[in-house]
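*Asks:* A single structure is presented below for examination.
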Amino acid sequence: MTSATIPGLDTAPTKHQGLLAWVQEVAELTQPDRVVFADGSDEEYERLCAHLVEAGTFQKLNPEKQPNSYLALSDPSDVARVESRTFICTEREIDAGPTNNWMDPAEMRGIMTDLYRGSMRGRTLYVVPFCMGPLDAEDPKLGVEITDSEYVVVSMRTMTRMGRAALDKLGDDGFFVKALHSIGAPLEPGQKDVPWPCNDTKYITHFPETREIWSFGSGYGGNALLGKKCYSLRIASAMAHDEGWLAEHMLILKLISPENKAYFIAAAFPSACGKTNLAMLQPTIEGWRAETVGDDIAWMRFGKDGRLYATNPEFGFFGVAPGTNWSSNPNAMKTIAAGNTVFTNVAKTDDGDVWWEGLEGDPQHLIDWKGNDWTPESGEKAAHPNSRYCTPISQCPTLAPEWDDPQGVPISAILFGGRRKTTVPLITEARDWQHGVFIGATLGSEQTAAAEGKVGTVRRDPMAMLPFLGYNVGDYFAHWINVGKNADESKLPKVFFVNWFRRGDDGRFLWPGFGENSRVLKWAVERIEHKADGKSTPIGIVPTAADLDLEGLDVDPADVDEALAVKPEEWRAELPLIEEWFEFVGEKLPTGLKDEFDALKHRLSEEG
């Protein structure tokens, strides 16, 4: 078909010539049966969900258990982000840096153009306009995703401000990030579709300099919902570097003291380290309350008053299901219970509800994530470890009224944290901004199921951004340092380093975590207010057990002491690992971080 004969191309609801030319170019290349501009309406959502049920992609769940909610089971080969197939294609290889896969942009465009040729035959090409962050922001960040996946269209409606309003905001000549996605599964006439079409060949490619994303072969989450990690972190981090702001893999939490004073906290943890749990914290200490601004991504820029303000660019939660339950995260469960959720790769109960490992209940029979019968004797997990729920943020019972404020919220503290059995104390305060950047830059965490790789080994994950950097990691560290240098130091957030996951010699968790983490945050807030003590150690300022509010907490004081312990011999063992990491970062490592490393070595040597 030529573009003139592809239905829908001639009835586009926009006069934006750049957008129309791009849609026409992609349609001519990919050869869809029709072109549809998504409007983001309820009616469209219901129509697409009904289509997905008919196609076998969605199963409608019991409306009494999960109102207006669906279950999708993916192809077993398409279950997580594929870091090995994720590329940053800058003109110069050094600008992508050592943490990213790189290919020459012209070569990559050639390879992927061949893959896209005819890839949407037999399918519909959807044009999905969206905005990351509030539509009424001073500088709204707009994007358009072209996709042949209805699963993507309905998920983008939940995860972003998608549809007619975003298209109107774009106007006739506004800038937008081009995000092209195809599952790579063309249908010949009469060919029967499969419930989860995808392609064995996968590419998730970013062109930071031209602000473009090309994704092929995967229908799963972060590979296909291109507003999420691809735009909000990889492309946005490059934009932020050029424009003087920060795009970070961080939750945003509002903590309210008994005196009704609000503190906004941003926290960077690698995937599956409790970001969503902390974002929806239920404090266990009397008089303290918490509200949610975001659970995954924070865009931070300086306000007119010199403080750092953060916005959550997302519109929904795309959370890991396993481990989420009524005790670990009751607010996530309430958000899900309100309905309007798409579950992916969880198990299904006999009465049309969902189940996953860690959820209350003791089911004797399920249909597992592969569509097979499951019983407790099956010997494998019923839900995939990276199974997900995709749910509107507006349903969260702890949602802060400021979540949608185009100005953002002023950040008082930044936390970095990972999953470490040893070495790293429950909380450490950085000495200053540059020391805080060093802490973030050397963050280590044990591998999780959210990405490919061996589970349990410690990998460096700087600022929890290792898989999400859109440019050279050394330039990124320098950007963080410069953000601090260019600011009024008295107005910068304090930086803390947390580890909820430290274990004793017998393998037990030393700290109960979850809602009890409010006690740790209380100490951080009191440090901001100069009301709490801490002990200077080689790695920073660490509280003693007496400095924490442990009232009403049933925990052995010796365990708290152990959770807070700074053991010089463990840190000396950490030094060569940090050195190895900095060598990997290479020539662009800022001297400020080398200075911090030398200072840490010196302080540890003085400990004897």
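Cβ atoms here come from the backbone N, Cα and C positions, even for glycine.
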*Asks:* Can you match one of K229, K261, K304 to the Mn(2+) site that Swiss-Prot gives for H249, D296?
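*Replies:* Candidate listed by Swiss-Prot for the same site: K229.
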*Asks:* For the substrate site that Swiss-Prot assigns to R81, Y220, G221, G222, N386, S387, R388, which of the candidates S41, S119, S182, S271 is also assigned?
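*Replies:* Candidate in the recorded substrate site: S271.
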*Asks:* Nearest of the recorded positions to E516 (GTP binding site) by CA-CA distance, picking from G222, K229, H249, C273, D296?
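*Replies:* Given the candidates G222, K229, H249, C273, D296, the nearest one is C273.
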*Asks:* Compare the C-alpha of T276 (GTP binding site) with the C-alpha of each of the binding-site residues R81, K229, H249, N386, and give the closest one.
*Replies:* H249
*Asks:* Would you list, in sequence order, the binding-site residues among Y220, H249, N386, S387, R388 whose CA lies within 10 Å of the CA of A272 (GTP binding site)?
*Replies:* N386
*Asks:* Taking the mean position of the Cβ atoms of K229, H249, D296 as the Mn(2+) site, which residues outside that list, in the same chain, have a Cβ no more than 8 Å away, listed in sequence order?
*Replies:* K228, S232, L233, I297, F468
*Asks:* Secondary structure at E516 (GTP binding site) (DSSP, helix/strand/coil)?
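*Replies:* DSSP call for E516 (GTP binding site): helix.
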*Asks:* According to DSSP, does G274 (GTP binding site) sit in a helix, a strand, or coil?
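*Replies:* G274 (GTP binding site) sits in coil per DSSP, no helix or strand.
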